[in-house]
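A short worksheet on the structure shown next.
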Amino acid sequence: MSDIQRAPKGTFDRLPPESAAYLAARDTLVAPLLTAGYGYVETPVFEETAVFSRGVGESTDVVSKEMYTFADRGGRSLTLRPEFTAGVMRAFIEHRLYAGALPAKLWTVGSAFRYERPQAGRYRHFTQVSVEALGVDDPALDAELVALADAGFRGLGLADYDLQLTSLGDATCRPQYRELLTSFLAGLDLDEETRRRAGINPLRVLDDKRPEVQAQLVDAPLLVDHLSDSTKAHYDAVRQHLSDLGVTWVEAPRLVRGLDYYTKTTFEFVHRGLGAQASIGGGGRYDGLSAALGGPDVSGIGYAVGVDRTILAAQAEGLDIAVTSGIDVFVVHLGEEAKRFAVGLVGQLRAAGVAADTVYGGRGLKGAMKAADRSGAARVVVVGDRDLAEGVAQVKTMATGEQVAVPLTELADSLRASV
Ligand code: HAM
C-alpha cells in the first residue's frame, strides 16, 4: 500500500461502528460541564507560534520538540495547536472577557497535534475535551474543575483510576524552592541535555522517567514542603472542598506536568489499566499565563481529557460505551413501485423521529434481508409490488421472527408506536 493510501504516521481514521464510542465518550465527558454553567468556545486549529512558545513554555517537550510549526504564504510562523489552553487564553484576552462576568467558564473539544513518538494511546493527532475557568482565584473553583473531570470519567463508568493531586506553589514560594532544587541537582550525575533543561526549569527533572535519574532524586526537596502560607492555605481549602464533593485523590508531591504554566493546584488522572500512556486527563491552575501572553494579571484553572485514551481506558475496564446502530426500522422493497413506496416511507418515518433506512443498489431479496439484519433494526418492513396492490406490508419483529401484515394506511403510525 502506498503512502497516499494510508493516514499519516501517528494518526488514524475514526470509522463506524467504533466511531460511535468516540461520540458517546465525548458527549459523556462534556455532560457535567453543561450542568455547571460552562459555555462552548471554539478557537482556530492554528495560532501564532508565540502563543504556545510563550504560553506553554520553552522548557517543555511540547514546545521544544513536538510542535507542528510552519510558515504560511504571508511569512507568519503558525503552529497547529498542541493543546487548547493557550489559545483559549489568547481569545479571553483578545475579546476582553476579563471585563465581563467572572469566572469566564469555557469548554471546547477538538483536534490537537503533537509530533510525538507514536505508541498505544499516544498519537500525533488526538482529541481533547478542554475546560477552563478564567479570571478568579478561588480554591472552590479548583475543586469544581477537578470534580467535573472526575464526574465525566465516572459518567462513563470508569473506576480503575487515581486522581493525583499536588500544589506547585506560586510566585512567592516557587523561586526559593527552585534555588533549593537547583543546588540539589548540581550535586547529581546528570547528562548535558538534562542539565540544560534544569537550567530552564529544574522541576522538569523530577518528571524524568529514567530509573538512573529517579534513583538520584530520592532525597530531592519537595515543593509541597516549601509552600508559602497563602499557597498552603489555598491547597488545604481545595482538599477540603474536594472532600465535601466526595472526590478522592492521592497526594502526588512529585507530579510535574508536561506544560510550564502551572501554579498552585495541579492534578492528573492516571488509569491503572493502561500501559506507559496512562494519563487520561490532567490540569491545574495557571496564574501567570494571561500575563505571559500580554494580558491582564488574572488567574485561571482548567483541565483537558484525552478522549482517545479515555476510550482505551474504558475498553481496559470492559465497558461498552458505544451506542448501537441507531436504526429502528429497515424497509426492504421488491419491485419498482415498492421501491418508491419504501423511499417515501423512510422519509416519513425519519421526519417523525424514527431512525429508518432502506436498501440501495438493487441487491435482491437475500442481500436486502442481510442488510436489514446488519442494520440492527428491531423491525423490518418487507413490501413488494403485490403487497402494495393488496394495500398491506409485512412487518417482521426481528427479536421473535414474528411477521404480520399491516394495512398501508396504518403502517407509519404503527411503526412509530412500536419504537
Ligand atoms: P496534557 O496533560 O498535555 O494537558 O494533555 C491532557 C490529556 O490529553 C492527557 O492526559 C492525555 O490524555 C491527552 N493527550 C496528550 N497528548 C496526547 C497524545 N499525543 N496522544 C493522545 N492523547 C494525548 C493539556 O493539554 C493542558 N492544556 C490541560 C489543561 C487545561 N490545563 C489547564 N487547562
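Heads up, residue numbers simply count up from 1 along the chain you see.
The backbone N, Cα and C atoms fix where each Cβ goes, glycine too.
Keep in mind that TrEMBL annotations are predicted by a computer and have not been checked by a curator.
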Glu83, Phe84, Thr85, Gln128, Glu132, Arg257, Tyr261, Tyr262 show up in TrEMBL as binding L-histidine; which entry in Arg114, Arg117, Arg239 does that record put in the same site? Arg114
Can you give the largest Cα to Cα distance in Å, as a whole number, for the residues Glu83, Phe84, Thr85, Arg114, Gln128, Glu132, Arg257, Tyr261, Tyr262 that bind L-histidine in the record? 21
Close in space, distant in sequence - Tyr262 (L-histidine binding site), Cβ under 8 Å, 6 or more apart: Leu168, Gly284, Arg285, Tyr286
The number of other Cβ atoms within 10 Å of the Cβ of Thr85 (L-histidine binding site), counted over all protein chains shown, is 27
